[in-house]
């Protein structure tokens with residue numbers, strides 16, 4: 001019984017990873033989405049959008065932002081970084097990267 005309990009505790013700790021590993025949704029244009037652990041040192045998730053000449057996110061059928069890429073980065077350079085037609089936004093949560101327009 002003690003062995004079983006010890007095994008369950010060890011498996012739980014390994015599976016939970018003690019909450020230190022960031023998981024980011026990865027996107028291969030345009031789909032499928034998959035969650036993947038970020039490499040060591042890259043602890044922020046980001047989303048990359050297409051933007052128009054005014055810096056506004058381009059929408060698909062007027063509803064959803066066109067997300068080009070999602071992944072892990074070492075540090076965020078701040079909202080709105082990237083080129084004139086490509087906007088990078090860091091996400092505030094683990095496994096972020098849904099189709100919502102908020103970071």
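For all residues, glycine too, the Cβ spot is worked out from N, Cα and C.
DSSP classifies residue 45 (disulfide bond) as strand under the three-state reduction. Annotation source Swiss-Prot lists disulfide bond at 24-45 (among others).
The feature disulfide bond is assigned by Swiss-Prot to 27-37 (among others).
Annotated disulfide bond per Swiss-Prot: 38-72 (among others), in sequence order. Secondary structure at residue 72 (disulfide bond), taken from DSSP and collapsed to helix, strand or coil, is strand.
What Swiss-Prot records for 76-90 (among others) is disulfide bond.
Per Swiss-Prot, the feature disulfide bond maps to 91-96 (among others); the stated evidence is similarity to another entry. Around residue 91 (disulfide bond), taking its Cβ as the centre, 20 other Cβ atoms fall within 10 Å, counting all chains.
As annotated by Swiss-Prot, signal peptide applies to 1-21.
According to Swiss-Prot, the site 'Plays a crucial role in mAChR-binding activity' annotation covers 58, 59. The Cβ of residue 58 (site 'Plays a crucial role in mAChR-binding activity') has 13 other Cβ atoms within 10 Å, all protein chains considered.
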Report summary line: Here the recorded positions are 38, 45, 58, 72, 76, and the Cα closest to that of residue 91 (disulfide bond) is found at 45
Report task. Spatially speaking, which of the recorded positions 37, 38, 58 is closest to residue 76 (disulfide bond)? Use C-alpha to C-alpha, please. Result -> 38
Query raised in the report: Of 58, 59, 90, which recorded positions come within 10 Å of residue 38 (disulfide bond), going by C-alpha to C-alpha distance?
Result: none
Report summary line: Spacing of the two Cα atoms, residue 72 (disulfide bond) and residue 37 (disulfide bond), in whole angstrom, works out to 9
